[in-house]
Each structure stands twice: as structure tokens, then as C-alpha cells.
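Worksheet: one structure, shown below.
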Amino acid sequence: MGRPDPEEGQLPAPVKPPDGGWGWIVLFGCFVITGFSYAFPKAVSVYFKELMKDFHVGYSDTAWISSIMLAMLYGTGPVCSIMVNQFGCRPVMLIGGLLASAGMILASFTTNIIELYLTAGVLTGLGMALNFQPSLIMLGTYFDKRRPLANGLAAAGSPVFLSSLSPLGQVLLEKFGWRGGFLIMGGLLLNCCTCGAVMRPLDMGMKRKMGKAQDKYEAKEMLPIGGKSEEGISTTDGTKKAKKAKKKPKKGKKLLDFSIFSNRGFIIYTISKFILVLGLFVPPILLVNYAKDTGVPDTEAAFLLSIIGFIDIFARPACGMVAGLKWVRPHVAYLFSFSMLFNGLTDICSARASNYTGLVIFCVFFGISYGMVGALQFEVLMAIVGSQKFSSAIGLVLLIEAFAVLIGPPSAGRLVDALKNYEVIFYLAGSEVVLSALFLAVASYCCLNRGKKKEPPPENNPSAGGGSDTEEAESDVQEAEEHSSDNHQPAHSTDNTVVAANEEANHVAEEQSGEGGGCPAGDREVLARDGCNADQTVERDSF
């Protein structure tokens, strides 16, 4: 996918998503990729203490490894979009899996922290980015009706892998040390190549084959039985190829489609997502230290994150099922806005929690709302831009989010150091999330829904281009004229072709004259090309 068709020089029409079949294998691959992409940078933190001892650095220095991974995951979005549009999803994912694995394997042989930044940070982060974005694109290709559920199930990979990789990393650290743990983790990342291998592109040539078979069938029905019918079929195929050669465009698909910025819905979504990311990740990052400062023991404080992860596992698929309901899916943007509002109010209401019970209640509600946000964020983007432009849209959105990721959590940490008060941070983070929710809901209602209401209703005038039947009829007549004009040399075959073309043109013109509200029968050629004039349209509307 994402490459120009070598035969026609243009992008083939996309095949209808199967909503099942091999798509479930693609969904499982996306589940694994999502788990590695979001959970791996957090799971690496298990090795930080050993890295501090061996390299004689501080905690902030080792924390840059996870930060670089996340920055590569978000910041290289446009690069991933260009590569996907140029080479397709499967090759990009295979290369990404090899880079991610090679980064961790090389990191096990490093001798200083800078080498760790370049291997485990840059190389592994780039590899996971080249896997994450194409997997979401393929998921949108295979699912349409069940896409909200598919997105919810794929997003559940993040909490599942986070609850698995962290204990596994601790076991590997105790038995093999951090170098052996990095080496084994690099081997596990080779599974990304397996997930990339199952991302089989849909057969884009299926529609062309069906169309060619249908043309031959119609030619057999129109032409007399005998030797001349075969000649007529070959003549029809020849005119089809000549028509395709005339319509062959010179330009293929853009490597990065910036035209999506003309979509008001995309602009609204991008601004809202930037504000959201400023405060979304702050509470789970500061939660453990906040609990310790209130007097909660270390083991119980660490268990709070496990509660969030456990609730998140079930919240994401459940929210995906709700978003897929017929009466909910047309309004999925408002459901996304509600989930962000729910998350922000949870942060604000829990800012004054002073005991362990209050923090547990906060974790339950935060896990539900956080899971809803994670399940809906990419579904809303797919609904806004469509599957054809999703590869460019997600790359640009992730790039913009990268700036918010680098601003939000570090700023919150500095405020904690300056104020020595977590309550203000929770209020601030919750307010940012609430603001993003209100902006998305209000802007979507005012700029999109009202804009649709102000648009005048489409007239019944065929020349306005509002009816697909008229456009098909016009193309059929033009095609018949081309058939009759391009085949003058072989007289024994062109006679039959011209007769069939004239019959098709007359049939279409008669249908349009019956629907055109009184167009003269002598002006069939004008009707087929230009439609009825404005006076006739006014008379029909007034009638």
C-alpha cells in the first residue's frame, strides 16, 4: 500500500475492509506492537539503579534513556509517514523490528551513558516508531465497521505488556545483570519482525479484475454470437486500454500529505490533543512519590500503578465496544471529549486525597478514564481524515505531541521541586485535560455541525454534480463515443462496436430525458454532456 500502481500510474481504488478473517491476525500483531511501543520505555526503568552504579551517573541521566525512546516514538512520525507512503507498511515494520532489536543488543556492550543514549535510546526508539505507526495504518485498512473495537483491543496491549515486561525485567536483572537483560530484551524485540511479516496488504487489484470480467460479460451480451463476438471483445479491451492511457496521471501519491491541514476537524483534533498531552501523563508519573509523601509504604505505593494498569486492560476494549454501537459511532468525537473530561475531573477531585483509600479510588477512576482516552484517540483521528490520509495525519499529530511530551512532565517536575506541593500539580494537570475536552466538544459543535447546517441543500440539477447516477451516465456516453471514434480501421469488428455504443448512448440519453424534467429529445448529446439548463431546473423545483 502507499505506492503508485505500476500498470496504470495511479493509486488503485482501495478494497473494502474485510472486518475479520486475516484482520484478526493483523489485530494481534498491532496488539503486540502497541504493547512494546508504550510499555518498553517504562519497563527499562527497572535497570536504572544498576546503570547508575556502573556508569557513576545520577537518576536524571539514566532517565534520559526512556525520554529519548518516547521522543523518537513521537518525533519521527513524519519520517514514518514518508517511508510508509513510499515503501508500504510491511517493509517498514520489518526494518523497524531489526533496528529495535539491534539497539538493545548493542546497548548490552556499551561502556558509557552516551553510547546507551545512541543505542537503547535513538536506535531502539526509532525501530519501535517504525513499527507502531504502520501497525495502526494496517489496522484501519482491515477494519471499518468493527474498527472501534479493533482499536480498543489493540490499545489494550499497552497495559498488558507493562504489567508483564516490568516483572520480567526484574527477574532478568537478578539472574543475568543489566547487560544480559538488555541482550534478552533485544531478542524479544525481534517479535516485531514477526508482527510486521503478518501485515499482508489487501489485494488492490481485485476491483480491476472484477471490472474487466464485467466488461467482457457485457460485451458478450451485446454482440451477436459467433466469431465476431470474440473480435468485439478484443476491440472493447483495446479501447479500454487506450482510455486508461489517456487518463494516466503523471503524479503519484504524496509522500507527506499536508492538505489535511485544510480539514477543520483535523485542526481541532490536533490542538485538543496537544493540550491533552500536557497534563495526561503527569499524574501517573508523580503518583508514587505523591503517595510516599503522604506516608504510604513503598510497596503499597508501587501497587497503585498496578491498579491503574489492571483497570486499563478492561477499560480499553469495553470502550471500543461502546464506540462501535450504531447510535454512538457517529458521535465518537463527543465520547472522546467526555473521556477527557472524566479524566481531568478525576485529577482535580483527587488532588486533596490524603490517605491510601482515597488514592486507590483515584486509581480506579483514573484507570477507567485513561483507558477510554487510549482506546478512542486514534479512532477519532481515523474518523476525521479517513484511512487514505491516516498515514500522513498520524505522523504529523505524533510530531506535535512530541513537543507536548517534552514540555508537560518535565515542567511538572520542576514545579514540584519549587513548590514542594503535589496538590497544585494535580489541579494544573486536571485543568489542562478539562480544557482540551471542552475545546474539542465546543469547537466540533460550532465549527463542524453548524457549518454543515449552513450549507444549502443540494439541488436536483444534474449539472451540479450532485447525483452519482448522472455522472455514471455521462461517463458511459463518453466511453461509448470513444469506442466508436477510436475503431475505424477493421470494418467487420467496428460495425458491431459502433452499433453497441450507439445503443448504449441512446439508452442513457432516454433515461436522462425521462428524469431531466422535459429536456428536448433532440438535445440528447447536450444532455449527456452538460445536463439540463438552469431554466428547466427552476421549473422542476417549482413544480
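Backbone N, Cα and C atoms are what each Cβ position is placed from, and that goes for glycine too.
Database features (TrEMBL):
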| type | residues | note |
| --- | --- | --- |
| COMPBIAS | 469-479 | compositional bias 'Acidic residues' |
| DOMAIN | 23-448 | domain 'Major facilitator superfamily (MFS) profile' |
| REGION | 452-525 | region 'Disordered' |
| TRANSMEM | 21-40 | transmembrane segment |
| TRANSMEM | 63-84 | transmembrane segment |
| TRANSMEM | 91-110 | transmembrane segment |
| TRANSMEM | 116-137 | transmembrane segment |
| TRANSMEM | 181-202 | transmembrane segment |
| TRANSMEM | 266-291 | transmembrane segment |
| TRANSMEM | 303-325 | transmembrane segment |
| TRANSMEM | 332-353 | transmembrane segment |
| TRANSMEM | 359-378 | transmembrane segment |
| TRANSMEM | 390-412 | transmembrane segment |
| TRANSMEM | 424-448 | transmembrane segment |
Annotated stretches the transmembrane segment (266-291) and the transmembrane segment (116-137) touching (3 or more Cβ pairs under 8 Å): no
Sequence-remote partners of the transmembrane segment (63-84) [C-beta within less than 8 Å, at least six residues beyond its ends]: 1-2, 37, 40-42, 44-45, 48, 51, 92, 116-117, 120-122, 124-126, 128-130, 132-134, 137, 255-256, 391-392, 394-399, 401-402, 405-406
Leading contact stretch, 21-40, 91-110, 181-202, 359-378, 390-412 vs the transmembrane segment (116-137) - CB distance under 8 Å: 91-110
Same-chain residue ranges lying at least 6 outside the transmembrane segment (21-40) that approach it to Cβ under 8 Å: 69, 73, 93, 100, 124, 128-129, 131-132, 135-136, 138-139, 142-143, 150, 153-162, 164-166, 185, 189, 191-192, 194-196, 198-200
Recorded stretch, among 181-202, 359-378, 424-448, maximising Cβ pairs under 8 Å relative to the transmembrane segment (303-325): 359-378
Interface present between the transmembrane segment (91-110) and the transmembrane segment (332-353) (three or more C-beta pairs under 8 A): no
